[in-house]
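**Student:** Straight from Swiss-Prot, here's the annotation block:
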type	residues	note
BINDING	64-71, 140-144, 194-197	GTP binding site
DOMAIN	55-247	domain 'tr-type G'
TRANSIT	1-33	transit peptide
Amino acid sequence: MAGAAALRRSARRVVLPGAYALSRALQHPERLLSSQASPDRGGVLGSELGLYPPERVRNFSIIAHVDHGKSTLADRLLELTGTIKKGHGQPQYLDKLQVERERGITVKAQTATMFYRHANNQLPASDQPDAPSYLLNLIDTPGHVDFSYEVSRSLAACQGALLVVDAAQGVQAQTIANFYLAFESNLSIIPVINKIDQPTADPDNVKAQLKRLFDIDPSEALLTSAKTGQGLSQVLPAVIERIPSPPGKCDSPVRMLLLDSYYDEYKGVICHVAVVDGALHKGDKIASAATGRTYEVLDVGIMHPELTPTGVLYTGQVGYVISGMRSTKEARIGDTLHQAKSIVEPLPGFKPARHMVFSGLYPADGSDFDALSHAIEKLTCNDASVSVTKETSTALGMGFRCGFLGLLHMDVFHQRLEQEHGAQVISTIPTVPYIFEYGDGSKVQVENPAALASNPGKRIAACWEPTVIATIIIPSEYVGPVIMLCSERRGEQQEYTFIDAQRALLKYRLPLREIIVDFYNELKSITSGYATFDYEDSEYQQSDLVKMDILLNGQPVDAMATIVHNQKAQRVGRELVDKLKKFIERQMFEITIQAAVGSKVIARETLSAMRKNVLAKCYGGDITRKKKLLEKQKEGKKRMKRVGSVDIPQEAFHELLKVSNSK
């Protein structure tokens, strides 16, 4: 008992000089959370969090275009507050996944709690021992449009955002998209012009762009270099002074916004939450507004920067909750978690994931189906936004039809399957969700072209396809080729302006079908790599669409069926059969490759059979002997063609992906 009393006195002494000391204590929570001095409802560390009322809490995010220095800036802020050590040896600390580090993007939202003493910059810190300490929650969100719903939910937990812009590259397409996401969320936006140490940096030009595009006062911009540390000392004071504290009612029943979740093999589902009202304690009973299920809080704490148990979270604070959820499908992003058996109003904005791109995944080797099934099951434990249903293809066997939020989401999922689980898969042509209306007035949403039966008795009266609003920023000399590319992809121009003397901004409404494979690659090619591209979901529009089947020896290959615009059907069909002819190996029998719309064949190629010279041993003699041998060979090849199967190599499917959306 004497030891416990001494520990409590020691803990109180830590607090006396100011809450700044908590940051050091939190880096070694085991010193405070011993079995003797840690009551179930938070212990010493939990009571320290109580020193931070909402007025001394700031929740903010960092938003930027790819490679503008967002992750490096986050690292420097974590170092500046002592949350991680300088030279920690792990750049991009908050990017945990290998795919995030390789691509320089954020896929999973991460949070980090920092403690910062805000002193008067006009006076030396030694003269301000009682300067107030603030709790700062950095919520690192994905930046790509595929994850826009997750971003909107994460931004809903923030009151401000740092808008990072490269001092040399200036405003890019994703900068614009992210600004409007933050603007529509009513966040206080602090512009940060980064990389001012670069030889080509032009901060004044970037300030002018911010003024022209977003009406941001140039004097509000902070000039920094996350690499050298120049100007970083002004960032956190600006966060405290310009970003408001989180609203909330401390004396109300607990209400939390679920930001993200991931699965841990030992702890189950770990949820990142922002406490909007009340306080959450270990042992509390909570319920989900979306599912109605009830859970017991097994553990609660903050990310500092790793899981740090505190036993309690107060109003305005951001942290993690472990409550015994068995699957991330129970933890729906944007859901409201609240005190069980209490009537609370759910936080606005929750909606289920909307899948915009669908693709079939099949094992490269049919015997690996169980291994692929296990890999997808484990991966979806950490990505509940993927929809998975089993399907069977006559050409590829057993597989899965997966729905994704967008192109990048699909690409990242494939990469994680390969890197984290070693799965080798065949992907079918990506499709988007179409809506077809039949003559009798019934409507159906089609995600798999093979499911659209060519039924002559059920006439298709109308078709609708999803569209996007694409934002393209390019050097002005490439405007002509880009306009031509967008026109070829059935685009409608919405906006055409000049950002400055050298760069133009184009906005087009484009069918999602036209950009899901190679649009970005072709855009980069015709602009010598200078274009930046981003898009946001728009409405459905009526279109003239047809289903195209690929037939091998008269038999349709369901995995190769696709839906195309009627005007492009013949050209796309011609390119598909040409590609297949190059990649399908010759057999002992002739192979007919056809592209058909309904009962009409619009393109055809013939792969001739390999032929054995059956006359090699006939030296002269009666001609009827030679004819007999040739007729026998001909009959044998007919029989082989009738019962033989055509092997389609994996490379053929990869090539079809490139053709299906080519210009």
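The backbone N, Cα and C atoms fix where each Cβ goes, and this holds for glycine too.
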**Student:** On average, what pLDDT score does this prediction assign to the domain 'tr-type G' (55-247)?
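**Tutor:** Mean model confidence (pLDDT) across the domain 'tr-type G' (55-247) is 83.
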**Student:** When DSSP is mapped onto helix/strand/coil, what comes out for Ala64 (GTP binding site)?
**Tutor:** strand
**Student:** Which has the fewest other Cβ atoms within 10 Å: Ala64, Ile196, the binding-site residues listed?
**Tutor:** Ile196
**Student:** By the count of other Cβ atoms within 10 Å, pick out the sparsest of the binding-site residues Asp67, Lys70, Thr141.
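**Tutor:** The binding-site residues Asp67, Lys70, Thr141 were compared, and Asp67 has the fewest Cβ atoms within 10 Å.
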**Student:** According to DSSP, folded down to helix, strand and coil, what is Ile196 (GTP binding site)?
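**Tutor:** Coil, per DSSP.
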**Student:** Under a three-state reduction of DSSP output, how is Thr141 (GTP binding site) classified: helix, strand, or coil?
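**Tutor:** It is coil.
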